[in-house]
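Q: What TrEMBL shows for this protein is this:
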DOMAIN    52-186  domain 'Peptidase S54 rhomboid'
TRANSMEM  65-84  transmembrane segment
TRANSMEM  91-110  transmembrane segment
TRANSMEM  116-135  transmembrane segment
TRANSMEM  142-160  transmembrane segment
TRANSMEM  166-186  transmembrane segment
Amino acid sequence: MNAVRRIFPPRPLSAALVVSSFVGLLYVIEAIDTALGGALDDDGVIPRDFSQWDNILWYPLLHAGWAHLTGNAVPLLLLGFLACSGGLKQFFQVTVVIWLTGGLGVWLFGAYASHIGASVLIFGYLTFLLVRALFARSAAQIAVAVVVFALYGAALWGVLPGQPGVSWEGHLFGALGGVLAAWGVARDSRAEVAP
């Protein structure tokens, strides 16, 4: 089956292992953060602070407590697994695009605070799955996108300001990263089929 039209990972056990290991890592990091009294929470993306720009590299790994992490875990597992449908190499590329687009967007335009959390990846994977289905013109992917939208579509309101203490900028730029990644995957697949 064409990798662009695939709806499930070609190696589902490997995909499940990679995504669940990443979520497991988030729990280990939160345990360390808890032992340190939440000291890591200040190591998120601090907009326009040149001394902290490198926090872009790890901000999705940090969470503001167990409830924050637990709220992100299930959607991250499901959407991350579905985002592996193009294979693990593509999944890692998509993740890097979302991670960096989200981080740079927050660093450039975010409110001055420490922005943390894997929700940047959740919003990125969500929009990646929705937009990739449209680019691929695959009925199966569109069906998956409809189910994903039914489950998590209301979360897209999170890209708008309004809830204190929530990095809507991280959600917005993560979502934009997902759109960018879907465009890149579609562009690459068109280049592969061109004579």
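Including glycine, each Cβ sits where the backbone N, Cα and C put it.
TrEMBL annotations: computationally assigned, not manually curated.
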Q: Take the C-beta pairs under 8 A between the transmembrane segment (65-84) and each of 116-135, 142-160, 166-186. Which stretch has the highest count?
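A: It is 116-135, which has the most Cβ pairs under 8 Å.
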Q: Mind looking up the mean pLDDT for the domain 'Peptidase S54 rhomboid' (52-186) in the predicted model?
A: 92
